[in-house]
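Step one of this worksheet: look at the structure below.
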Amino acid sequence: MTDSHYIGRFAPSPSGELHFGSLIAALGSYLQARAQRGVWRVRIEDIDPPREVPGAAATILRQLEHYGLHWDGEVLWQSQRHEAYREALAWLHEQGLSYYCTCPRSRIQRLGGIYDGHCRTLCHGPENAAVRIKQQHPVMHFHDALRGDIQADPQLASEDFIIHRRDGLFAYNLAVVVDDHFQGVTEIVRGADLIEPTVRQLSLYKQFGWRAPGYVHLPLALNEQGAKLSKQNHAPALATGDPRPVLVQALRFLGQRDVVAWQEMSVEELLRFAVAHWRLTAVPTSANVNPAFSNASR
């Protein structure tokens, strides 16, 4: 039962199983939504087949359920949303807000990684071309409910970024904006590694004339080498046994009130306690090394 207009979401890509860093993002977004008696949705961002691991999407959903993170409504699959993305691309093209670009990656690398708008006035056709947004509304800063005002890199914010790839795949920034708007998401709670693309996504909201959601970027969990826990650096999957000690460790990572006698609680009771005592203001802003799960039993 919800009595709030708040809608949050967790949107993993099926490039591997969830790990502790994924749990931080999932749990943080879940608690932020439930604490406001809001809706919490799950979306599988399966628009990049070369990066996807067979069976990972089903495993991710099982992991969420195992950890007591039950979502509202049906899971949205980006692989079933291609028509919506095509419609968005067509609208931008009709409005003169996008163009075809044939510049190779090597040219952009020579420029330092920021595209210079070379193809903006060249009137290329779609053959062997990417589609770039014609940036009209660069966003130079935005408010993060945890971190305050975040300033963007001016060059990055002003760049004509890709919204449809040369290989025919829809770009992440386009798909995520179209889907968050479609799902009515009011606030996005995710990891701090996604701070940088936020200004691009906000500029797309302006291009489409849509109301943008709020943002919260949670601290990243790091490995012992100081690198972000990720599927790419082989972060271990979440434990398949008792989820409670891992949930307690995740709550501590998020700066939340310690759960006394959690061993006597069910997963559902533990999460109800966490929702009742959730404080976004207690969440740290700096990344931290993934703590040893065994410490949860202290």
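The backbone N, Cα and C atoms fix where each Cβ goes, glycine too.
Taken from Swiss-Prot, the feature L-glutamate binding site applies to Arg9, Phe10, Ala11, Pro12, Ser13, Glu45, Tyr172, Arg190, supported by sequence analysis. Sequence-distant contacts of Phe10 (L-glutamate binding site), defined as residues of its own chain at least six apart whose C-beta falls under 8 angstroms from its C-beta, comprise Ala25, Ala26, Ser29, Tyr30, Trp40, Arg41, Val42, Arg43, Leu64, Leu69, Trp71.
Swiss-Prot lists Cys101, Cys103, Tyr115, Cys119 with the feature Zn(2+) binding site, giving sequence analysis as the kind of evidence. Neighbour count (other Cβ atoms within 10 Å of the Cβ, all protein chains): 21 for Tyr115 (Zn(2+) binding site).
Annotated ATP binding site per Swiss-Prot: Lys231, in sequence order, evidence recorded as sequence analysis.
What Swiss-Prot records for 12-22 is motif ''HIGH' region'. The DSSP breakdown of the motif ''HIGH' region' (12-22), given as helix, strand and coil counts, is 3 helix, 1 strand, 7 coil.
Residues annotated as motif ''KMSKS' region' in Swiss-Prot: 228-232. Note on the motif ''KMSKS' region' (228-232): its mean pLDDT in the predicted model is 73.
Of the residues the record lists as binding L-glutamate, namely Arg9, Phe10, Ala11, Pro12, Ser13, Glu45, Tyr172, Arg190, the two whose Cα atoms sit farthest apart are 16 Å from each other. In this structure, of the binding-site residues Arg9, Arg190, the smallest number of CB atoms within 10 A of the CB marks Arg190. Checking each of the binding-site residues Cys103, Tyr115, Cys119 against Ala11 (L-glutamate binding site) by C-alpha distance, the shortest gap belongs to Tyr115. Distances between the Cα of Arg190 (L-glutamate binding site) and those of the binding-site residues Cys101, Cys103, Tyr115, Cys119 are shortest for Tyr115. Rounded to a whole value, the Cα-Cα separation of Cys103 (Zn(2+) binding site) and Tyr172 (L-glutamate binding site) is 19 Å.
If you measure from the Cα atom of Tyr115 (Zn(2+) binding site) to that of Tyr172 (L-glutamate binding site), you get 17 Å.
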